[in-house]
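Remarks on the structure that follows.
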Amino acid sequence: MTRETPANRRVLVAKPRGYCAGVDRAVEAVEKALERYGAPIYVRKQIVHNTHVVKTLEERGAVFVEETDEVPEGSIVVFSAHGVSPAVHEQAAGRNLRTIDATCPLVTKVHNEAKRFAAKDYDILLIGHEGHEEVEGTAGEAPAHVKLVDGLDAVADVEVRDPRRVVWLSQTTLSVDETTETVTRLRERFPNLIDPPSDDICYATQNRQVAVKEIAAEAELVIVVGSTNSSNSKRLVEVALDAGADASYLVDDASHIQDSWLEGVTTVGVTSGASVPESLVDGVLAYLAARGFGDVREVESVQESVRFALPHELRRELRAPAR
Ligand code: SF4
């Protein structure tokens, strides 16, 4: 076997990658709350699924808790981008907490769909991962109507009350291809299955999957920067492998890369999940450059320009004179 010379080595960087509009908004909401009210600002769950982002906000005075009963009465609590169920809002109100809801508007859209179909007494087949915060929040909007479908294998076990009144919804960060397959199987069982009014898998998840497919077709190795609890980042690894990469790994940052992954590799693809700051991608590119992968080309598949306004509670407060 011939060994590739460093001169052949190159890096293809997917675009779009990294922060989506919902993550940007959620992180900025915590930063602005810290500026406006001072530390501590409590945050229920990880504001976004990235350990570096969480650590940086902790250093600035954010306190991350699992549930609102850990927050002192009367304090300020931020709800994460993944959304919460109505029960969590009630618990917060019961403890007299001031809430800033940083739920991504695209998650809220799915919540509203769930409420609307539940009001019409449909069974809602929610495709998503059991235990994921977003799924818990969406299911909590209509617990009597939602049935979780966690992947293809779960389709056979789904039971509904009336097969003529069934709709599917999904988590926002799933694999587009796998979800399409799951829906096809569901429709084989329930031919009258209704589609959501618009895509539940969000633009950012879809765009990052399109972009990684493009670089994976030319790369032997694809490095995805993202944390292991980030659903959309994990999907990028799967999509890269399906699209032709020989290997793909999820890393929190450059320190998790192993030199052995680069043996015999000419082209490395790099991308990052929707909750990943660009500085972590820069670290990976520096690591690769130090090993002969200095030829870096960005491959843009889709242009993104989506932005979301800050949560309304915060906007209102920021407009008011400082106390
Ligand atoms: S990944 Fe999609 S749904 Fe999740 S925060 Fe980003 S834009 Fe919103």
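Positions of Cβ are set from backbone N, Cα and C atoms, glycine also.
For the (2E)-4-hydroxy-3-methylbut-2-enyl diphosphate site, TrEMBL lists H49, H82, H132, S230, S231, N232, S275; matching the candidates T99, T172, T179, T184 against that entry yields T172. For S230 ((2E)-4-hydroxy-3-methylbut-2-enyl diphosphate binding site), the same-chain residues that are 6 or more apart in sequence and have a Cβ closer than 8 Å to its Cβ are H49, N50, G273, A274, S275, V276.
Residues C20, C104, C202 make up the record's [4Fe-4S] cluster site, and a Cβ search at 8 Å around their centroid adds A21, G22, V23, A81, L106, V107, T172, T173, Y203, A204, T205, A274 from the same chain. For T172 ((2E)-4-hydroxy-3-methylbut-2-enyl diphosphate binding site), the same-chain residues 6+ apart in sequence whose C-beta sits under 8 angstroms from its C-beta are C104, L106, V107, V110, E134, D200, I201, C202, T205.
Taking all protein chains in view, 25 other C-beta atoms sit within 10 angstroms of the C-beta of C202 ([4Fe-4S] cluster binding site).
A Cβ distance below 6 Å to any atom of ligand 1 is met by none of the binding-site residues H49, H82, S230, S231.
Rounded to a whole value, the Cα-Cα separation of H82 ((2E)-4-hydroxy-3-methylbut-2-enyl diphosphate binding site) and C20 ([4Fe-4S] cluster binding site) is 13 Å.
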